[in-house]
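Structure record follows, encoded as structure tokens.
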Amino acid sequence: MNQIELIRALPKAELHVHIEGTFEPELMFAIAQRNQIQIPYQSVEEVKQAYNFHNLQSFLDIYYAGANVLVHEQDFYDLAWAYFEKCAEDRVVHTEMFFDPQTHTERGVEFATVLAGLKRACTDAKEKLGISSQLIMCFLRHLSEEKAFETLEQALPFKDDIIAIGLDSSEVGHPPSKFERVFTKAREAGFLIVAHAGEEGPPEYIWEALDLLKVNRIDHGVRSEEDERLMTRLIAEKMPLTVCPLSNLKLCVVKDMGEHNIRRLLQKGVHVTVNSDDPSYFGGYMNDNFIAIQEALALSHDELKQLAINSFEASFISDEEKQKWIEEIKAI
Ligand code: HPA
Ligand code: ZN
């Protein structure tokens, strides 16, 4: 079995994917038409041409504009279902998906509408595709602490449907410390915690995510390598980093995939995982990300298997489930 065949054969868990970032232009056009909403593009080709980013913010502007056509429960269902079909193709057998309720509630869409559509897709994915899933609700960090508190209030009646709370959107200038109090409340309510940190922001933001938000995982975290003391801490605590290689390339966090530090982080003993982030915008789903790093960094069979094992170990599934998938990986 060559490396590409191994990548395709491995069962994998995806731990860093924004469901709004899986919105393919074809589906965006179809939903815009059905909801009679104008989008500033004439064709699918024109949409794809707009996907030329130079940093995180240049992407976020387009990503939020695309999400504007999502209004009805069925829209959120269709969005998530299309992603689950990609998971099935890539042998992603478990996924923990981010959703950004504020992107929708700020436009007048009910929190319950968003959640109902996503949840129905999750139920169908288990039944029809055998894919398990969880939902992670993110606060938009460019908005206020007060807005985050309001969003947490809206989520409380749906506590059982949401496994964790995360933090995303424009990182620089919006450190984790801005949200310390609302994450304390979320933890007290029983949610697990994750946060984007160290994508464009400095290692200091990763320290804050660990010490103030008390995260269970760091999303991205690729800048941790700049801080030796932080590296020692991450390794000692076996703190997972949900790394997104094609995202890092498209948002110019790295200039070239050959410069990506995921293999070096793995070799140093950091608990890294591979993820797609916003696959419709960044040029690929799970296996595309694996193949991109494989081609640029020449990972060994054992390293590819370790990345797949890490994805289950870092996930929020039960220990029995973890063991089952890890044994299957080791037997390949
Ligand atoms: N970083 C921050 N916010 C995001 C991202 C990301 O990579 N994708 C969607 N929202
Ligand atoms: Zn992300």
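Cβ from N, Cα, C; glycine included.
Binding of Zn(2+) is attributed by TrEMBL to H16, H18, D277, and within the candidate set H94, H104, H196 the record adds H196 to that site. Cβ neighbours within 10 Å of D278 (substrate binding site), excluding its own Cβ and spanning all shown chains: 26.
Residues H16, H18, H196, D277 make up the record's Zn(2+) site, and a Cβ search at 8 Å around their centroid adds V17, G21, F98, D168, D219, H220, T242, C244, S247, N275, D278 from the same chain. Among the recorded positions E199, H220, D278, the ones whose Cα sits within 10 Å of the Cα of H16 (Zn(2+) binding site) are H220, D278, in sequence order. Selection of the recorded positions E199, H220, D278 by a Cβ distance under 6 Å from ligand 2 yields an empty set.
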